[in-house]
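Colleague: Questions regarding the structure given below will be posed in turn.
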Amino acid sequence: MWGFLKRPVVVTADINLSLVALTGMGLLSRLWRLTYPRAVVFDEVYYGQYISFYMKQIFFLDDSGPPFGHMVLALGGYLGGFDGNFLWNRIGAENALITQSRLMLLESVLIFFNLLAVLSYLKFFNCQKHSPFSLSWWFWLTLTGVACSCAVGIKYMGVFTYVLVLGVAAVHAWHLIGDQTLSNVCVFCHLLARAVALLVIPVVLYLLFFYVHLILVFRSGPHDQIMSSAFQASLEGGLARITQGQPLEVAFGSQVTLRNVFGKPVPCWLHSHQDTYPMIYENGRGSSHQQQVTCYPFKDVNNWWIVKDPRRHQLVVSSPPRPVRHGDMVQLVHGMTTRSLNTHDVAAPLSPHSQEVSCYIDYNISMPAQNLWRLEIVNRGSDTDVWKTILSEVRFVHVNTSAVLKLSGAHLPDWGYRQLEIVGEKLSRGYHGSTVWNVEEHRYGASQEQRERERELHSPAQVDVSRNLSFMARFSELQWRMLALRSDDSEHKYSSSPLEWVTLDTNIAYWLHPRTSAQIHLLGNIVIWVSGSLALAIYALLSLWYLLRRRRNVHDLPQDAWLRWVLAGALCAGGWAVNYVPFFLMEKTLFLYHYLPALTFQILLLPVVLQHISDHLCRSQLQRSVFSALVVAWYSSACHVSNTLRPLTYGDKSLSPHELKALRWKDSWDILIRKH
Amino acid sequence: MPPATGGGLAESELRPRRGRCSPQAARAAGRDVAAEAVARSPKRPAWGSRRFEAAGWWALLALVTLLSFATRFHRLDEPPHICWREVQRTEESSPKGFSSFCLFFSPQMLIGLAGYLSGYDGTFLFQKPGDKYEHHSYMGMRGFCAFLGSWLVPFAYLTVLDLSKSLSAALLTAALLTFDTGCLTLSQYILLDPILMFFIMAAMLSMVKYNSCADRPFSAPWWFWLSLTGVSLAGALGVKFVGLFIILQVGLNTIADLWYLFGDLSLSLVTVGKHLTARVLCLIVLPLALYTATFAVHFMVLSKSGPGDGFFSSAFQARLSGNNLHNASIPEHLAYGSVITVKNLRMAIGYLHSHRHLYPEGIGARQQQVTTYLHKDYNNLWIIKKHNTNSDPLDPSFPVEFVRHGDIIRLEHKETSRNLHSHYHEAPMTRKHYQVTGYGINGTGDSNDFWRIEVVNRKFGNRIKVLRSRIRFIHLVTGCVLGSSGKVLPKWGWEQLEVTCTPYLKETLNSIWNVEDHINPKLPNISLDVLQPSFPEILLESHMVMIRGNSGLKPKDNEFTSKPWHWPINYQGLRFSGVNDTDFRVYLLGNPVVWWLNLLSIALYLLSGSIIAVAMQRGARLPAEVAGLSQVLLRGGGQVLLGWTLHYFPFFLMGRVLYFHHYFPAMLFSSMLTGILWDTLLRLCAWGLASWPLARGIHVAGILSLLLGTAYSFYLFHPLAYGMVGPLAQDPQSPMAGLRWLDSWDF
């Protein structure tokens with residue numbers, strides 16, 4: 001503990017004895033019976049699953065963070081065991097951290113890189129003072145950048161620490177600019193080196209993680225559906241098997257399936273079937289009673305449409321094929337029923353402000369067919385672009401009413417088999433994914449007769465042209481989807497709110513022995529949590545006091561002590577704040593373990609404050625001795641609490657209901673007690 | 001080691017300008033210009049020039065104001081029907097609205113008052129956009145909004161004048177705002193935005209004025225501007241919560257100011273204390289008092305019951321006359337056989353409700369729906385019965401038996417005689433909860449109808465009080481708690497809110513209820529007056545309801561919604577009125593020339609500002625004139641940039657539905673920045689070319705061309721604001737044909 005006290009400010013390169021001892025203790029407490037619960041614990045379910053995906057090289061998507069963390073875990077698994085990433089930790093008595101780091105979850109790795117980033121920045125900062133541009137200077141600077149990008153690569157939460165390091169570096173750089181003893185060139189070199197190490201390297205590394213990720217997972221898997229057709233086609237198996245060898249350019253007479261680009265609430269394809277809209281809806285409104293057009297989330301022969309030239313009658317591709325271009329007028333003929341896509345001034349079934357879309361049936365009741373659509377290629381390079389399979393994103397604008405074909409997102413009632421509603425949006429307001437479509441499956445139709453055509457539609461496509469997506473395109477899509485993927489804000493038994501974390505009003509039960517009542521909980525050492533918060537409060541008050549006094553020109557602290565105090569506070573208190581405050585703005589389900597990164601920073605602040613009090617506030621030797629005694633007492637109480645809670649951390653001992661009840665110090669702690 | 005992170009900041013930046021007190025300062029600026037005039041015509045006598053320059057200063061201000069009023073009031077009466085959100089606004093401001101309690105607050109009173117004074121009779125039913133006003137007098141209300149909207153231009157003019165001490169910068173800003181079609185459109189209708197922007201700009205102006213009085217603390221103008229800042233802040237916050245951002249800005253400015261005073265060792269601590277007290281009084285106490293006062297008036301005026309009642313708690317309703325809880329007297333303790341309504345404690349959830357419709361097939365069991373409903377209705381009535389007998393407890397031969405904490409009860413729906421029921425089926429929306437249904441025939445169901453009634457924080461055996469007791473219903477078989485998830489059911493559930501039984505026993509307001517109406521002829525009634533909430537409670541509650549209502553406006557996935565990044569690039573406007581080519585169309589869109597100039601200016605400002613800041617940090621020696629100009633750029637411009645940042649970036653964090661018009665307060669700041677930036681840059685340019693004969697001309701020519709360019713663009717785009725008829729702009733026949741510069745504009 002005491003060896004660590006000097007760490008944030010006086011960093012020495014040689015490893016002293018206490019450091020080794022602490023490392024040993026940290027390792028021991030973390031690796032102690034690591035293999036014990038031979039069962040899957042809590043979120044290990046998910047992460048374990050992802051790792052097996054890596055092993056099988058199957059594509060997957062997880063919204064919790066970028067792929068680096070998973071890769072680290074997979075690597076660990078690959079080498080034959082979780083390899084104790086916890087060399088760093090010198091606080092041996094913190095139950096929550098022990099629990100978290102023993103299990104195969106991402107937080108521990110994240111905390112490791114967070115602290116590595118801060119530590120290497122401090123080392124770098126010390127080098128800056130005496131030997132800029134030396135080898136160790138470069139080493140620590142680069143390591144800062146690398147650690148930051150690793151932290152971001154594990155979980156997006158790592159961004160907070162990255163921002164903190166960037167902020168501190170920016171302030172220091174600003175002072176550097178103000179240092180008039182340095183030449184302009186020298187300042188420029190300094191700034192350039194920092195920019196490269198702290199901005200360029202992390203970005204490059206981050207891209208690298210994705211690059212490796214995408215190389216490793218090249219087979220299609222369960223999350224394919226979320227991605228665009230183009231992305232799916234670049235994976236091995238799945239859609240690629242179907243689309244491989246499709247003709248690229250859509251021509252008049254092509255048979256296509258049309259996928260909605262937005263794909264929410266579910267990815268689906270434009271679809272029609274024999275059934276018609278009910279004459280009268282439940283709420284009394286009428287319909288056109290024409291054939292339903294829906295969006296259907298499964299592959300089906302009824303998803304096939306034929307692109308027809310309105311001026312000709314044939315439904316086959318001529319030779320040579322005449323490609324469809326931006327701005328061309330087309331009709332879309334449903335393959336199985338040969339009725340064409342139509343919209344008219346009739347209210348849609350569920351969205352009465354939009355037009356109904358149907359496949360036209362001529363009832364001979366003075367309701368003419370309005371089945372002409374103008375093709376707009378949204379992502380066109382020029383106005384004469386050709387409509388391309390998979391790559392082109394197109395809108396269909398109705399010629400008569402200028403309504404746009406759109407997926408409304410509502411589910412039709414039973415008469416529509418709960419498929420999704422398709423409407424003609426009259427007030428098309430700008431670009432929105434729900435009005436944009438792309439061709440997924442495509443073949444040149446060759447059958448003149450309907451019977452023949454139906455057989456053709458049932459058969460798979462052939463021919464062979466392969467196409468690949470560039471890495472950047474795949475990266476940006478994957479990144480975008482990961483950020484946009486909003487998991488259902490599901491309630492969880494152990495979810496908690498940020499306010500409960502500080503006071504440790506919550507816990508997470510990780511594991512319960514199938515028969516006995518041995519159990520593992522994520523539960524902090526309450527003495528350390530309270531003293532961490534206390535240290536933070538003391539730090540804030542003392543800083544405010546010093547700051548006000550300095551402003552009135554009263555200097556309580558010598559200049560260098562003050563600077564150390566500020567820097568230590570900026571990193572530790574700042575680290576706590578950036579890792580904690582943003583959670584108040586988040587809407588996703590939060591758990592206690594989200595607080596752990598913030599907590600580690602808070603605990604780092606603790607020795608800083610203790611040291612400060614003993615050095616500067618204790619005036620006499622007597623006071624100092626009393627204070628030391630208090631610290632020892634505090635420390636032993638922390639050890640005692642840690643020891644008491646040990647069964648819940650390691651889960652190695654079955655406790656009686658009575659003992660468990662005794663451990664339930666707070667009513668809000670949810671400790672599992674078996675009923676017998 | 002560089003200087004400290006914390007302390008270094010204090011010495012270097014953020015000290016307020018110690019300029020001369022206005023209007024002398026402004027006159028001084030006028031003097032510069034006049035000095036130029038004098039230089040050109042040296043024969044003019046000195047005393048005459050001073051009078052002349054003062055007159056010129058006032059004349060210019062008058063011109064700016066006049067132009068602003070003229071553009072805002074021009075064709076104010078068109079179109080004679082409701083545009084866009086005027087629906088909401090007029091509804092609440094109609095004198096009819098005086099008698100029904102609505103969720104919106106004080107500014108409506110202002111508009112309502114204006115409408116009242118100008119003879120608007122409140123009989124017009126505001127239903128949907130496009131309805132004609134016909135004989136109803138709406139001009140008073142529109143005129144009031146336009147009046148406030150017109151003041152934006154002179155306010156901005158004076159603010160920039162004070163920050164930059166340059167008439168040309170101020171003129172440029174005024175021109176940008178006068179000729180912006182967006183500001184113009186927004187000021188012409190019965191909306192909250194002109195009022196909000198009026199108060200924001202007033203606060204900004206008085207803050208700047210009071211900063212420039214800093215050399216004469218505690219003088220009359222100092223007090224005047226300081227308290228005016230406070231008053232404007234109260235106004236801004238009272239209109240919309242967006243007013244919080246200007247409060248933040250004034251707060252930051254005040255903290256920096258105090259920090260500077262505190263570091264001034266020539267001032268004694270007592271003086272600093274006086275400064276602090278003055279600011280606390282004027283910027284915290286005064287606005288709060290005003291704000292609560294407007295609320296008090298609001299509650300007094302809107303003291304009658306209306307359709308919005310159900311949003312509020314039972315106790316709140318008790319003070320609305322016309323509400324059935326007003327002056328009511330009901331039995332105090334719950335007894336078996338009582339007919340009750342049960343209200344969720346969370347705001348805006350409503351009453352436990354059931355009706356003769358079943359859950360649709362595929363959604364849990366096909367039994368009768370149970371929902372929560374915000375409005376009062378017979379279907380909210382439930383009878384509380386013993387779980388094991390079905391006898392009628394109101395039979396006079398039975399003695400009264402009170403319901404106690406921990407009792408096992410059955411709730412029977414009065415209209416349909418079905419029991420409140422739950423079982424292990426998943427709830428319709430919240431899949432992890434259990435479904436709640438109405439079950440049984442004439443009160444005979446099964447053991448899944450049994451609930452344990454518990455009072456929160458109470459021991460066994462106590463009676464249950466109407467209104468006061470916070471109760472929970474625990475399902476006996478599954479152990480789950482009755483609650484409402486607050487999610488809106490689809491069409492089949494009539495868009496009422498979902499009721500579930502949650503297996504997670506966390507204590508949230510969603511699963512706590514109170515009994516509101518209570519009918520039991522066998523019990524004596526007591527008066528409810530004791531329940532009347534105090535004013536602070538009312539204040540708190542109405543704010544909670546408003547915040548919930550605000551955050552409840554979530555965008556739907558498949559709808560096109562306006563995103564904050566669209567706004568500064570003027571990506572897309574808002575249709576105020578009219579869609580087809582035969583309609584009279586008004587389209588809220590910023591003047592693209594102005595907006596894109598603003599966008600460019602922000603980038604240019606960041607660039608030039610950081611160059612100057614780095615140069616100063618490197619200790620470069622700047623000539624006096626350049627140093628003065630960079631001070632204007634860094635301090636004046638910095639303050640305005642802060643305003644823009646505070647009024648723009650928070651929207652990125654908001655989850656609610658956003659509209660284009662939310663950007664307009666930020667746009668005001670952006671225009672002021674443009675004025676300051678271009679004037680300073682042109683002056684710097686002119687200074688750099690000082691040896692050249694045309695140097696001074698560059699500044700004049702630059703400003704003039706900007707002014708004329710803006711005016712010409714307004715000439716081009718004015719139909720957007722004043723209304724267009726005829727073909728849409730896609731049509732080459734249309735007069736607007738060449739002006740559809742972006743595909744996303746649909747006018």
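Note that Cβ sites are derived from N, Cα and C of the backbone, with glycine treated the same way.
Just so you know, TrEMBL annotations are computer predictions that nobody has curated.
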Colleague: Of B:55-76, B:187-208, which span is tagged transmembrane segment by TrEMBL?
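Modeller: Transmembrane segment, as annotated by TrEMBL, spans B:55-76.
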Colleague: Which range out of B:55-76, B:223-248, B:593-614, B:666-686 gives the transmembrane segment (B:139-160) the most CB pairs under 8 Å?
Modeller: B:55-76
Colleague: Taking a Cβ cut-off under 8 Å, which residues six or more beyond the ends of the transmembrane segment (B:666-686) line up next to it in the same chain?
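Modeller: Beyond its ends, the transmembrane segment (B:666-686) has Cβ neighbours at 152, 156, 159-160, 163-164, 166, 168-174, 176-177, 180, 182-183, 197, 200-201, 204, 567-568, 590, 594-595, 597-599, 601-602, 604-605, 608, 626, 629, 632-633, 636-637, 640-641, 643-644, 647-648, 695-696, 698-699, 702-703, 706.
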Colleague: Could you pull the average pLDDT for the domain 'MIR' (B:461-518)?
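Modeller: Within the domain 'MIR' (B:461-518), the model's average pLDDT equals 82.
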Colleague: Could you give the residue numbers and ranges of same-chain residues that sit at least 6 residues beyond the transmembrane segment (B:698-717) on either side and whose C-beta is under 8 angstroms from one of its C-beta atoms?
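Modeller: Hits for the transmembrane segment (B:698-717): 168, 171-172, 175-176, 178-181, 589, 591-594, 597, 678-679, 682-683, 685-686, 689, 739.
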Colleague: Which residues of the same chain, at least 6 past either end of the transmembrane segment (B:223-248), have a Cβ under 8 Å from a Cβ in it?
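Modeller: Counting only partners 6 or more residues beyond its ends, the transmembrane segment (B:223-248) has Cβ contacts under 8 Å with 105-107, 192, 195-196, 198-200, 202-204, 206-207, 209-210, 213, 278-279, 282-284, 286-288, 290-291, 294, 550, 643, 646-647, 650, 662, 665.
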Colleague: Work out, from DSSP, the number of helix, strand and coil residues along the domain 'MIR' (B:331-387).
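Modeller: Secondary-structure composition of the domain 'MIR' (B:331-387): 3 helix, 29 strand, 25 coil.
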Colleague: Could you give me three numbers for the domain 'MIR' (B:461-518), the DSSP helix, strand and coil residue counts?
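Modeller: So the counts come to 6 helix, 27 strand, 25 coil.
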